[in-house]
């Protein structure tokens with residue numbers, strides 16, 4: 001029997017993944033495994049007085065979050081939760097801010113369903129510890145979970161640009177099905193048996209992207225920006241090493257690692273907010289409004305990570321993360337970030 | 001006795017390093033170790049009918065290779081080789097193409113002099129093997145050699161942008177003196193006891209930068225460009241692992257590694273040539289003319305490395321290096337480069 005596929009989340013990335021998968025399941029070698037109809041689930045919302053799901057189903061375009069891109073006709077949008085009871089593989093692409101709304105699907109999503117999370121960020125617990133989204137989904141639904149991260153500016157992926165993604169997996173079956181569903185000539189998937197590594201670098205890089213935008217907003221150029229990227233990457237590695245020792249250092253070299261870091265620091269939304277903050281001290285609220293309501297993850301991640309580091313008594317080992325937190329959350333002087341470019345980071349970690 | 005410092009090479013980067021060092025030796029804690037006068041040696045050449053050295057000494061600007069930047073008055077330019085007999089530390093910043101002209105200094109440069117090479121590229125031997133420039137300098141002059149590489153777009157460094165550099169060293173004395181001479185608030189030096197690693201990543205990234213420019217010239221966007229960068233980095237690591245096993249994988253994380261790779265792939269000359277090649281199939285000669293005679297290293301490096309890989313019977317393990325060679329040297333179809341973005345590079349190297 002063919003598997004039924006769906007995406008939860010009609011945002012920029014969710015819609016793009018719906019498009020990617022809906023095109024993919026029509027390919028000769030893939031169509032024998034999956035049903036042609038792909039479900040795109042979104043909360044009921046309006047665009048110019050029309051239901052977004054209606055626009056997507058009738059006009060085949062997501063005018064609110066992915067305007068100008070034609071969606072395949074086998075991508076069907078709904079806000080009806082019960083439809084998800086049928087699905088065998090679900091890509092979870094909700095914005096991090098609303099992730100707990102996924103609990104509405106409790107008792108609906110099948111136990112043997114495979115969830116592929118593309119959500120960046122963490123669950124911040126009352127005791128200041130953090131829980132990976134993959135762990136949270138696993139605990140909530142007791143089903144198999146993979147994560148998908150990579151250097152994937154959504155609009156470029158939607159336009160069919162050649163790029164890579166990294167799938168973090170735990171068991172062979174969910175790896176093989178997810179790979180089959182996602183991999184294509186334009187979107188090339190590498191599989192890594194390291195869920196925490198893939199998920200963490202994908203989330204932490206948003207903090208670095210804020211910093212990278214900030215130095216650009218302050219008027220600094222390429223040399224300085226890549227110094228921030230590099231120091232950020234060193235802190236990401238250190239974070240994995242300290243707190244998720246089971247993750248693999250090699251994961252850093254995948255698309256979810258350095259590649260995603262670089263593209264996010266050059267084009268991503270967090271980077272763009274960093275520029276606005278460096279130039280004109282723009283508030284997060286105003287920035288998100290200017291992006292048509294699209295959310296950014298970096299500031300929330302910076303806060304979660306700072307709280308976590310405080311809880312672990314380790315803030316001093318992460319000067320860049322700490323400084324970005326203090327600039328973006330506590331409004332300290334943006335130029336403080338230049339102090340974080342280390343003079344001898346190698347000796348710091350590997351002497 | 002204070003040490004005498006000089007730079008060989010009046011190009012873009014040589015002049016910038018002359019400026020950096022000439023400013024540095026005036027600082028309170030540094031001036032006690034070095035003479036204030038810094039020598040900048042260049043071949044006799046003309047700019048608008050005037051000797052370049054005369055322009056530099058009288059007008060304090062290198063109108064040919066670093067126009068618009070005011071040079072410090074303690075930077076003294078000469079084309080007189082004998083003056084270099086006095087120097088205790090010499091930064092070697094000749095363009096790679098002319099490196100063998102350094103043999104004119106044989107018998108002039110002191111035996112206990114410290115040479116700091118910033119030259120990217122290799123000596124290609126008749127048997128198709130390669131020799132590192134640092135090894136060549138060591139063999140030629142029998143003196144101590146360090147290498148300095150990093151994410152350093154010359155003009156930005158000259159303007160005082162905050163950035164990092166990596167010093168590869170072999171012995172403590174030359175490390176300490178070089179660090180003292182070069183490190184400052186704006187130019188932050190990390191020292192790594194790994195000369196081949198620092199030198200190799202600094203050279204090999206020029207091949208990747210050509211490829212990155214090429215995909216941009218062909219009309220591809222950020223996701224694709226960072227996929228080329230990432231795959232290039234994987235091949236650089238593999239090259240070090242196969243042929244220079246004494247180098248350290250950690251060096252990749254220094255400024256000379258990922259950071260230099262990224263900035264070179266975004267702004268460097270090789271990247272710019274890649275764009276022109278992808279867009280209009282511009283010849284190397286025409287490109288260098290359009291850059292006012294500035295040389296690029298990437299094509300020569302691509303050729304040296306391809307020959308070396310052939311000699312080692314290893315071309316098949318380096319699809320990106322091989323393809324960039326065949327596009328830039330043998331004029332094969334530029335779109336071939338897209339095949340080099342791997343679908344499973346992790347399994348390739350680390351399964």
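Every residue, even glycine, has its Cβ placed from backbone N, Cα and C.
A TrEMBL annotation is a machine prediction, not a hand-curated record.
For the NAD(+) site, TrEMBL records A:9, A:10, A:11, A:12, A:13, A:14, A:98, A:154, A:295, A:297, and the single candidate of A:70, A:188, A:269 listed with them is A:269. Substrate binds A:269, A:270 as TrEMBL records it, and from the list A:120, A:128, A:138, A:142 the residue named for this site is A:120. On a Cα basis, residue A:205 (active site, proton acceptor) lies 20 Å away from residue A:11 (NAD(+) binding site). The separation of residue A:297 (NAD(+) binding site) from residue A:270 (substrate binding site), Cα to Cα, is 7 Å. Sequence-distant neighbours of residue A:120 (substrate binding site) (same chain, 6+ residues apart, CB-CB distance under 8 A): A:96, A:133, A:149, A:199, A:202, A:203, A:206, A:297, A:301. Counting every protein chain shown, the number of other Cβ atoms lying within 10 Å of the Cβ of residue A:13 (NAD(+) binding site) is 26. In this model, the domain 'Glycerol-3-phosphate dehydrogenase NAD-dependent C-terminal' (A:194-338) carries an average pLDDT of 94. Annotation for residue A:205 (active site, proton acceptor): same-chain Cβ neighbours under 8 Å, separated by at least 6 residues, are A:232, A:236, A:260, A:261, A:264, A:265.
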